[in-house]
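Going by TrEMBL, these are the annotated features:
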- 1-34: signal peptide (SIGNAL)
- 75-118: repeat 'WD' (REPEAT)
- 119-160: repeat 'WD' (REPEAT)
- 161-201: repeat 'WD' (REPEAT)
- 202-243: repeat 'WD' (REPEAT)
- 244-285: repeat 'WD' (REPEAT)
- 288-328: repeat 'WD' (REPEAT)
- 329-370: repeat 'WD' (REPEAT)
Amino acid sequence: MTVPAPHRQFGKIQLRVLASVTAAFACLTSIVHAQDSLPLPEPPVTPEAPSQENFDSDFFPAASPWRNPQLVQTLEGHEAPIDALVFSADGKMLLSGGSTNDGNIKLWWLQTGREIDSFRGHRTSVISLALSPDGRTLASGGDDAGINLWHFPEGKYTRTFLGHSSNILSLAMTPDSRTLVSGGLDGIRLWDLRAQRPLYTLTRFDNQTYALAVHPDGDILVSGLRDGKIKRWNLGTGSLIQTIPVHNSAVSVLAFTPDGNMMVSGSYDRTIKVWDLSRNRLELRYNLTGHAGRIRAIAINPDGTTLASASRDGVRLWNLKTGELIAFLRDHQDWVHSVAFSRDGRFLASGGFDRTIRIWQTAAEEFEPSLEGRRR
């Protein structure tokens with residue numbers, strides 16, 4: 001199919017700043033044919049999140065810097081829900097992708113809340129964004145079945161990968177910045193970012209993939225499936241290692257902690273599961289409950305201690321070491337579709353169906369937005 005070329009240049013901004021942009025991947029979910037799987041342990045009892053009406057700050061552990069996050073910016077400009085968010089490495093810029101009938105990728109200056117550039121990413125929707133660890137490549141996936149690549153620091157459109165026949169639901173990059181993995185309803189494909197060519201197709205239509213995550217070691221890929229299963233793949237050989245039933249509905253999001261010792265999965269069944277990988281197998285550590293709807297997005301902060309999860313009722317922050325809820329953010333007026341931590345762990349961004357982006361900071365930080373930023 002023919003995909004219209006996006007704008008070829010970011011344009012007016014000084015993209016030297018973007019040389020420092022680093023990795024983050026978007027996560028979503030998928031479906032797979034079951035194979036032999038390991039039995040799962042019974043989920044442990046975890047604290048139920050208190051309702052907003054009966055919010056008791058004494059419930060939350062005081063040790064976390066995210067116990068009382070402060071809202072410091074509200075960004076407006078998209079004409080549709082925000083489905084993807086990525087911070088620059090220095091935490092000064094944020095990239096966002098608009099969904100239905102928007103299709104734009106926007107760049108924001110965090111200190112002022114100012115939109116500094118906007119360009120057409122996809123025909124109608126930007127579903128996922130991924131930034132390479134070396135800061136040179138931005139990949140965007142949308143509902144036009146194409147994957148667009150942008151080169152940094154020049155901010156120049158380089159090419160479109162074609163091969164999928166349906167929406168690109170998830171993108172992930174390997175730690176060496178050489179390989180892009182894309183997932184959708186028609187399976188999983190791998191792409192060579194240096195040669196800018198396809199590598200191979202990992203699975204096809206029998207593996208509808210909503211979520212992807214690459215282990216920090218770069219050797220293992222996990223994919224989340226529509227029937228509640230997770231598949232583990234050897235990226236070096238392309239072979240399937242394991243198929244494991246983990247949720248009662250589609251696995252919508254996946255993420256590893258930076259040290260690779262834990263993995264988090266979220267689902268349409270409204271639960272989040274935290275998995276221990278220290279013994280080279282999946283062992284359930286926590287079953288986190290409380291969200292009122294499907295889990296739409298998750299993000300783990302750089303030190304691996306805090307998890308952010310997004311759903312219909314807002315953003316919840318969890319202590320990954322204890323499984324405890326530490327904060328509940330309900331400033332969005334509708335579903336929250338995306339969350340991202342800055343690389344230094346100081347800021348959290350959330351994007352919603354209300355077409356706004358909220359920027360949060362840890363209670364320990366000092367943040368003084370400009371007057372322009374306060375007006376937005």
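Note: Cβ is positioned from N, Cα and C throughout, glycine not excepted.
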Given the model, what does the mean pLDDT over the repeat 'WD' (329-370) come out as? 84
List, by number or range, the same-chain residues at least 6 past the repeat 'WD' (161-201) whose CB is under 8 A from its CB atoms? 1, 3, 23, 25-30, 125, 127-134, 136-137, 139-143, 145-149, 207-214, 216-218, 221, 223, 233, 235, 238
I'm a bit unsure how to read this: which one of 75-118, 119-160, 202-243, 244-285 has the highest number of Cβ pairs shorter than 8 Å with the repeat 'WD' (329-370)? 75-118
